[in-house]
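Chemist: Here TrEMBL flags 12-30, 36-57, 69-88, 94-115 as transmembrane segment.
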Amino acid sequence: MSFREVLIVGWQYLRAFVLIYLCLLTGNAISSLLPIIIPGSIIGMLILFVLLAFQLIPAHWAKPGCSLLLKNMTLLFLPIGVGVMNYYDQLSQQIIPIVFSCLISTAIVMIIVAYSSHYVHHERPIIGSASGIKSKQQKQEK
């Protein structure tokens, strides 16, 4: 790899991380001004999403930094897991409500996904099935 290629790749990573960090700083600033408590990192992610969704910034600007962070996500969660162990006594006393809430929330998510998937896909015919062909013919006759 030539020196020029190294500089180009370095610039792409620097640009991506500066963009992500600016969204984080902006989110933290907005969070401190709001009367309700919303984490600045969440607001920063929403800002980054809006910038990318409305194509105010090209996606390839953020892609190198995002890819690197996603590849190393398990490593980035390690400090959080260690920090949770500081509260082991409290967690062990509340294990039943924690497990119960995890099970209930998982069931709720599964039900919502099932109903929304059914709602979105129930009108679409299965390709290659006789019922799909019949429904197309019925629509054409009307």
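Any Cβ shown, glycine's included, is placed from N, Cα and C.
Map these features onto the structure and tell me what's around them.
Modeler: Proximity of distant same-chain residues to the transmembrane segment (36-57), defined by a Cβ-Cβ separation under 8 Å and at least 6 residues beyond the stretch ends, is recorded for 19-20, 23-30.
Same-chain residues lying 6 or more positions outside the transmembrane segment (69-88) and placing a CB less than 8 Å from one of its CB atoms are 20.
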Chemist: Where else in the chain does the transmembrane segment (94-115) make close Cβ contacts, counting only residues six or more beyond its ends and a cut-off under 8 Å?
Modeler: none
